[in-house]
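*Asks:* Features from Swiss-Prot:
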ACT_SITE  Asp67  active site, proton acceptor
BINDING   67-68, Arg72, 137-138, Lys148, Arg165, Asp167, 178-183, Ala202, Gln237  NAD(+) binding site
Amino acid sequence: MKFGVVARRDKLEALKLAYRVYDFLKVSGFDVVVDEDTYRYLGEFSEDDVLPLEEFDVDIIVVIGGDGTILRVEHKTKKEIPILGINMGTLGFLTEVEPHETFFALSRVIEGDYHIDERIKLRTFLDGENRVPDALNEVAVLTGIPGKIIHLKYYIDGGLADEVRADGLIISTPTGSTGYAMSAGGPFVDPRLDVVVIAPLAPIALSSRPMVVPSSSRIDVRNVAMTREVILSVDGQFYTYLSPETEITIVRSPRKTKFVRFNREIYPKYTMKIKSRF
């Protein structure tokens, strides 16, 4: 078994724990690689074991950080590599264990005492081309001018679903339903469901409400106000300005995100984290 280790770059405790994980796995006889950014912020790792995330070819990536660190790993890795998330963030919806459980969790992984949790992702096409990363959480179409609304139409499988004047439109996976989409009034969606949430962001019309559609749906978003640019955000990690006439299409990605899990229960973990957030 070969491991990758990635740490949150702005937290010394995460970097130090990453080195302890690295050392533990090396001493246990496993091949271990570390991503370049982790090494850049803590140079104690062997330089021979340092690789860009894009070149990781391992069995499991141990990510020490929060959801943002996991999303960064997801966007940069080329393969569907299972992730073991150790929470060094705020809430850590995507992480599996707390720091004090790290080495017990690693021992269970080594013994094969775990299962893989697969999550759907969204793929975005801009004028028919896939030029942006797949989204684990959400794709957001946002106003390009703060304080100015945008006028959008969105279609489900070719049929007009709604026309909204709002700050934006969020298209979310079940995984992302506890994030930006929930802040926009969207529902909590059990991550085991195969659906997509569409949530207008601060719409003018009270009739513009969140929708839940099958993940097999094709979602087309069109900018009605052709004089106003929009911003496309993917998981809050990738941003790009789009010209007003850009045709945006969102579908379920053929790729999935895989997580190492030790417990098959969703509740009460998710609901407790949602409540602690507010």
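Positions of Cβ are set from backbone N, Cα and C atoms, glycine also.
Help me see these features in their spatial surroundings.
*Replies:* Asp67 (active site, proton acceptor) has a Cβ environment of 25 other Cβ atoms inside 10 Å.
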*Asks:* Restricting to the chain of Ala202 (NAD(+) binding site) and a gap of 6 or more, list residues whose Cβ falls under 8 Å of its Cβ, or answer none.
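*Replies:* Result: Ala166, Asp167, Gly168, Ala184.
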*Asks:* How far is it from Glu138 (NAD(+) binding site) to Asp67 (active site, proton acceptor), counting Cα to Cα, in Å?
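*Replies:* Rounded to a whole number, the Cα-Cα distance is 13 Å.
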*Asks:* Could you state the whole-number distance in Å separating the C-alpha atoms of Asp67 (active site, proton acceptor) and Thr178 (NAD(+) binding site)?
*Replies:* 12
*Asks:* Output, ordered by sequence, the same-chain residues six or more apart from Arg165 (NAD(+) binding site) with a CB under 8 Å from its CB, or 'none'.
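*Replies:* Spatial neighbours, sequence-distant, of Arg165 (NAD(+) binding site): Ile149, Ile150, His151, Leu152, Pro203, Ile204, Ala205.
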*Asks:* Mind giving me a neighbour count for Met182 (NAD(+) binding site)? Other Cβ atoms within 10 Å of its Cβ, every protein chain shown.
*Replies:* 21
*Asks:* Have a look around Glu138 (NAD(+) binding site) and count the other CB atoms within 10 A of its CB, chains all included.
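*Replies:* If we count other Cβ atoms within 10 Å of Glu138 (NAD(+) binding site), we arrive at 26.
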